[in-house]
Amino acid sequence: MRIGVITFPGSLDDVDAVRAVRLAGAESVPLWHAEHDLEGVDAVVLPGGFSYGDYLRAGAIAARAPIMQDVVDRARQGMPVLGICNGFQVLCEAGLLPGALTRNGHLHFRNRDQALRIERADTAWTHDYATGQRIVVPVKNGEGRYVAAPADLDRIEGEGRVVVRYVDGNPNGSMRDIAGVTSEDGRVVGLMPHPEHAVEDLTGPSTDGLGFFTSVVTAMVAA
Amino acid sequence: MSTDSATQGLSDLDTGPGRLSHRLDTVELAASTPDDEQPFAELGLEADEYARIRDILGRRPTTAELAMYSVMWSEHCSYKSSKVHLRRFGDLPPSDALLVGIGENAGVVDVGDGYAVTFKVESHNHPSYVEPYQGAATGVGGIVRDILTMGARPVAVMDSLRFGRADAPDTARVLPGVVAGVGGYGNCLGLPNIGGELLFDDCYVGNPLVNALCVGVMRHEDVRLAKAEGVGNKVILFGARTGGDGIGGVSVLASETFDAEGPAKRPSVQVGDPFTEKLLIEACLEIFAADLVTGIQDLGGAGLSCATSELASAGTGGMHVDLDTVPLRDSTLTPAEILMSESQERMCAIVEPDKVDAFLAVCRKWDVLATVIGEVTDGDRLTVDWHGERIVDVPPRTVAHEGPVYERPMARPADLDALQADDPAALPRPQTPEELTAHWLAVVASPDGADKSWVTEQYDRYVRGNTVLAQPDDAGVVRIDEQTHRGIALALDGNGRYARLDPYTGAQLNLAEAYRNVAVSGARPLAVTNCLNFGSPEEPEVMWQFAETVRGLADACRTLGLPVTGGNVSLYNQTGDVPINPTPVIGVLGVHEDVRRRVPTGWRTAGETVLLLGETKPEFGGSAWASVVHGHLGGRPPAVDLEAERALGELLAALSRQGLVGSAHDLADGGLAQALAESALRYGVGARLGLSGDPFPALFSESAARAVVTTSDPEAVRTAAEAAGVTVTELGTTGGDVLAVEGVGELPLAGLRAAWSATLPALFGSPEATVGRVPAGTVPTS
């Protein structure tokens, strides 16, 4: 089981994603934004950070990186892709996920330990959770407010594509408390909170985040 | 157009309507026009300093040379007022732990297993007052480059902030920008912010203190030094283009006192681009790993003037630069402006000719602009050409290392006797349980004592996944090896009230507090850095405070066996003739052999015994209680007992190693009252406690060398403490949702938390309230 972690200029949590992949029992493969080579990986993680300094719009420039064409092509064939924070922004900008992430309602960068509810436990990245399960992982962003047109929100909700929702407080003003969404086939997942920062008791508020990474390993082994 | 006087003076000389208009001021021209008047005073130089430059060169300096000397001989770069005192740190006995000492960009400490750690704290006070966001942001950027320059990967930052009274109008202008700037830069750089300080005092109105610390980790063999060696080696400038920002930042901003009538100095503040700095970090680390440089220096204060002269001066002495090859953001910059520019995110490397291609390839990979601008020469001159004409020809040591040194006059402050005689023992004390709890709440909910989440939630503390402890814990703890679990602990402390009452003792108390904060986490304290924030050195009373502070700190370091690895001095922190309280901010680095043994500050488990370690004396001088309840500053600060600090520190490390304590919290500002509240509120676990004797000193005294620990094995802790000669007092047991103290009262944690956490949002705005106002269903208009 090989999981690629893409580094864009300005990616920051790539080392954390690599660690989480390793702790989940998979081999991590570093991928470089400027290449057209996914090195035959089974799944891809787009890590958090400030790719291209969040200049223009968060994720907008990275979404047009050479490697993203390959990610989009493979994702449409069912390769699991996880976008965390900036990675979620990139996936929205690349058209793989619906909606957009905008400046937090309160205009501050916000880092806190955040309670989430798992709304879908049948995606490639959430198999190891139970629907309705409450988890606590860090959230940290300045542009994490999930928005979409009301009709689109209704459709996304109707199709069951909300994967995780903020509970006990919404840290950034996201519409309908949406913290993460998935593609129609449940293979591509993007979320603003950082499961890769909650994989060890020593350094995280919990180990609740590890499930995202073990889920994809289980899913791939089962497939 | 810049309205800045320094820029104005230079522009006039090079291209303006003056006598030298449209003529480049070359060395040749300078020699033939010895009597031309030069704007040395506008550039911050004294008449005798200017005369000395003429002496050194045997002619008048060219405009470019004058620019270089003016920035390098500024207080900020040359330490001309502080140098004679700082020698005390260099005179400390050699330490085995110190791999690189004072004088380099940052000191380097051996933390075991072949790992070396470099750390340093630096001020960006004046720029942060003028332009809070960029001033603070570039303060973080600058200290990170200092750490990177040593060959280390930066792994964490901290910030120590001081502002005027919390409800002063200017505080509302400066604080939000500073916090957003520290966060904006550090977050985008991917460095966890693991702690620091936020304090308020009237004396910082108009003089906020923004001190930023960075810590980096490397292997012993990877240490890099800033020197230019090897004739024929290339000088490569890489990173951002050079622009007109920050010209004269060190001389005009950092080395003068602000006055109300002066021109706006905003053009002297640099503008940061953390994205470029992130690329610079990754490119540098790749360049180091491939062994592609022989010397490296970052460009910070005084820009290219500093980097070229310091590299040449520390090396074999000769360097030539073709200044017209420097990539510019603004093509109208004059050569002098290019030499003085403090544009951020730039580095200068010395590279062997056969490694230049490999060096440039790494830079290309990371989209970092890199340009060969010169080479190391034989001889001992630093020469700079502009389109083939020589505009600088100087001995680099005279620019970088042989600047003026002043023995400024010193005088004990005239008001100090009266201040020390104004003993807080005379202040009315709380008599009833109601008054005691009211004072307790007042201290805890004061801006200094209150919850700092409003600030720290704007900082990323998780990135890189090695943060073991961060604020509100007493020390930040970072894992440096995932296999061995080795790690480091860091604390920053600087109580200006103590230092105002007695700078010698105050400096020692600040060191003792940082030492204690590292020790409560279970780490062994190893080395010291400092940022010394003072008023104008031209005031004898300020100079006396400075000298006493350095003496106190050096004496304490000698007693505790800790080396000073470097530091920073920020002078001219005063408005008109009122200086800030002397504010030595002291950083202590400790080592954890196994970070899994770290001790948090908060109570997590009910049923643990709460023990007070150390002795409480009636000491209220400079205390939070006197300040918050009575607005009083007077008397003497608490006594210092460094042997007691050492005994307590060793005991805490032993307790952590043996896994005997569930929590440990240092006692400092606000005494036991503050520590109990913080310990209980951390995880929402209360306690039932009893204080023997008069509860007032027990709660509010700020006697040093004390800590509160909780344990499930009080007998073992008692035995260990007695063996270490540390007094133990049993206070009670954790549990419940109230903080109950016999004879004082019961503080429900919910109410305590409400008071503690409401203060900063009430002053600076509540993010929650703003979220609530976001209209539902709003669609971005793209």
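Cβ from N, Cα, C; glycine included.
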Identity of the substrate-site residue among B:Gln270, B:Gln297, B:Gln508, B:Gln545 (reference: B:Ser123, B:His124, B:Asn125, B:His126, B:Arg145, B:Glu342, B:Ser343, B:Gln344, B:Ser570, source: TrEMBL): B:Gln270
Between B:Glu342 (substrate binding site) and B:Asp146 (Mg(2+) 2 binding site), the C-alpha gap once rounded to whole angstrom: 14
Distance, B:Ser123 (substrate binding site) to B:Tyr79 (ATP binding site) (CA atoms, angstrom): 14
Overall pLDDT for the domain 'Phosphoribosylformylglycinamidine synthase linker' (B:41-80), taken as the rounded mean: 94
Top Cα neighbour of B:His76 (active site) in the set of binding-site residues B:Asn125, B:Arg145, B:Asp298, B:Asn530: B:Asn125
Distance, B:Arg145 (substrate binding site) to B:Asp298 (Mg(2+) 2 binding site) (CA atoms, angstrom): 6
Reduced DSSP assignment, B:Asp146 (Mg(2+) 2 binding site): helix
Secondary structure content, the domain 'PurM-like N-terminal' (B:473-591) (per DSSP, counts of residues): 45 helix, 41 strand, 33 coil
Fewest-neighbour residue among binding-site residues, criterion Cβ within 10 Å, set B:Asn125, B:Gln344, B:Asn568: B:Asn568
Residues B:Tyr79, B:Lys120, B:Asn530, B:Gly567 [recorded ATP binders]: greatest CA to CA distance in Å: 16
Per-residue Cβ crowding (10 Å cut-off), top of recorded positions B:His76, B:Lys120, B:His124, B:Arg145: B:His124
Shell list (ATP; ref centroid = CB of B:Tyr79, B:Lys120, B:Asn530, B:Gly567; cutoff 8 A): B:Leu86, B:Ile102, B:Val121, B:Glu122, B:Thr529, B:Cys531, B:Leu532, B:Val564, B:Gly566, B:Asn568, B:Val569
